[in-house]
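Novice: Once you've had a glance at the structure underneath, I'll fire off some questions.
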Amino acid sequence: MAKLSLRNVQKTYAGNVKVVHGIDMEIADGEFIVIVGPSGCGKSTLLRMVAGLETITGGDIHIGDRVVNNLEPAERDIAMVFQNYALYPHMSVYDNMAYGLKIRGMAKAEIEQRVKHAAGILELAPLLDRKPRQLSGGQRQRVAMGRAIVREPSVFLFDEPLSNLDAKLRVQMRLELKELHRRLGTTSLYVTHDQVEAMTLADRMMVLNGGRVEQIGTPLEVYTRPASTFVAGFIGSPPMNLVPVARNGGMAGAGGVAQMRVLGKEGGASDATLGHLPMGLHLPAEALLGLRPEHIEPCAAHDAIAEVDVRVVEALGADSFAYGSLGGQPIVVRLDSHARVRAGDKLPVTSSPDHLHFFDAQSGKRIEA
């Protein structure tokens, strides 16, 4: 095992096309880091640079106490698990797992010990004589992970390993990956576009957008204190509501605290207000109020800070979601499954000041009080 350091890591292709912009991160020995972001954000490129499959055009990558920029993949003491399994179809499960060790000239007894140990961890022992075509998708992915485990690397690299699995199997494999990391404790870097994988697997996560880091933090930190409107909109399902707001003409409300007014779609003030601004918060001319759907609560009309015009209600079993508008702006409210809310209703809502997030509408950056 080893720590992993990314120091001003950059990638530029021919024609001065820059896809990774100076990424810095210190990954502790044994930490499980998830890089998450939309397609084309540079996450797989960054992983491939760590693996040695892409050249680095700026900065340094350290694995342990070595700078590995110019080392071949085989010299970096890493093991990689790919999206497409990459198993040899003519080989048995045992031989697929053992092949890399044989190439390295390891003793037969040591190979057998490592393969059987990994097979025991992954519950593959009864399948060692089978060919890949005789396995399910989840079993094939476990073989791919077993092939990485037997190498006993300093760092595991995972490139969207669950993307080819169906929804039910992805849940099962997430749990198995979490348990695997708990048992092995190997430093791991995991790439995904799936926020659920990121939230459930990560010790810390890096949110990438356009080759730049939007935020690094624990899943709870990223969810509860998003650093930008991009993070607020990307992490969470449904995502955070982002409502354009302004001071209510500079007028003070109760206790001398300014009120917020929702801005309509054309940028003009609507008739909707949203309670009072937190003390000490200074809004720029253009600001966005962020509210998670679960933090908007239906209430009695006299307690409401706003009223939502409900257009659609989706029932999902334990929860329901009301989709509607507030002052002409789209908004989503999470409801109890037993809530009697219908399309066409006007739903009075409230929210705790602790759950209000504010962002600069121009830069998208979080505004702190």
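Glycine is no exception: its Cβ is also placed from the backbone N, Cα and C atoms.
Quick paste of what Swiss-Prot says about this protein:
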DOMAIN    4-235  domain 'ABC transporter'
BINDING   Gly37, Pro38, Ser39, Gly40, Cys41, Gly42, Lys43, Ser44  ATP binding site
Novice: I'd like the Cβ neighbour count for Gly40 (ATP binding site), meaning other Cβ atoms within 10 Å of its Cβ, all protein chains included.
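Specialist: The answer is 14.
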Novice: Who sits close to Ser44 (ATP binding site): which same-chain residues at least 6 apart have their Cβ under 8 Å from its Cβ?
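Specialist: Set apart from Ser44 (ATP binding site) by at least 6 residues yet with Cβ under 8 Å, we have Asp159, Glu160, Val191.
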Novice: If you count the C-beta atoms lying within 10 Å of each candidate's C-beta, which of the binding-site residues Pro38, Cys41 ends up with the smallest number?
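Specialist: Looking at the binding-site residues Pro38, Cys41, the Cβ with the fewest others within 10 Å is that of Pro38.
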Novice: Please give me the CB contact count at 10 A for Lys43 (ATP binding site), counting all chains in the structure.
Specialist: 26
Novice: If you average the pLDDT over the domain 'ABC transporter' (4-235), what number do you get?
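Specialist: The average pLDDT of the model in the domain 'ABC transporter' (4-235) works out to 94.
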Novice: Ranking the binding-site residues Gly37, Gly42 by other Cβ atoms within 10 Å, which is at the bottom?
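Specialist: Across Gly37, Gly42, these binding-site residues, the one with fewest Cβ atoms within 10 Å is Gly42.
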Novice: Which residues, same chain and not among Gly37, Pro38, Ser39, Gly40, Cys41, Gly42, Lys43, Ser44, have a CB within 8 angstroms of the centroid of the CB atoms at the recorded ATP site?
Specialist: His193, Leu208
Novice: What three-state secondary structure does DSSP assign to Pro38 (ATP binding site)?
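Specialist: DSSP call for Pro38 (ATP binding site): coil, neither helix nor strand.
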Novice: Compile a sequence-ordered list of residues in the same chain as Ser39 (ATP binding site), six or more apart from it, whose Cβ lies below 8 A from its Cβ; state 'none' when nothing qualifies.
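Specialist: Correct list: His193.
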